[in-house]
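Feature annotations, courtesy of Swiss-Prot:
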BINDING   His2  Ni(2+) binding site
BINDING   Cys73, Cys76, Cys90, Cys93  Zn(2+) binding site
Amino acid sequence: MHEITLCQRALELIEQQAAKHGAKRVTGVWLKIGAFSCVETSSLAFCFDLVCRGSVAEGCKLHLEEQEAECWCETCQQYVTLLTQRVRRCPLCHGDMLQIVADDGLQIRRIEIDQE
């Protein structure tokens, strides 16, 4: 379960930004999860709640967004998007020579803070 490690690192970054902007607490966090990141969203939500306990982000609303993986098809020379690792064929030409160009793992997209 690597979700706990991802959440711990995300919390470090969230706390840094909260301190930088004088936040009393974090009220919302938006995370983008890459299609091929092997992150289980329910586990991520559970771990996030767990690591945030006792921090400036305790009780904040977690918003999760799943991102499609962008790939380059060597066969038809087109950019295509895939939703899952199980589908490894180009949806346009059905070729199997795909190169992942954007999956982005896990990204913090937005942090909402309360400064009062």
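Cβ from N, Cα, C; glycine included.
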Residue, out of the binding-site residues Cys73, Cys76, Cys93, whose Cβ gathers the largest set of other Cβ atoms within 10 Å: Cys73
Residue among the binding-site residues His2, Cys90 whose Cβ has the most other Cβ atoms within 10 Å: Cys90
Reduced DSSP assignment, Cys93 (Zn(2+) binding site): coil
Between the residue listed as 'Ni(2+) binding site' and Cys73 (Zn(2+) binding site): CA-CA distance (Å): 30
Env. residues of Zn(2+) site, Cβ within 8 Å of mean position of Cys73, Cys76, Cys90, Cys93 Cβ: Glu74, Thr75, Gln77, Gln78, Val80, Pro91, Leu92, His94, Gly95, Met97, Leu98
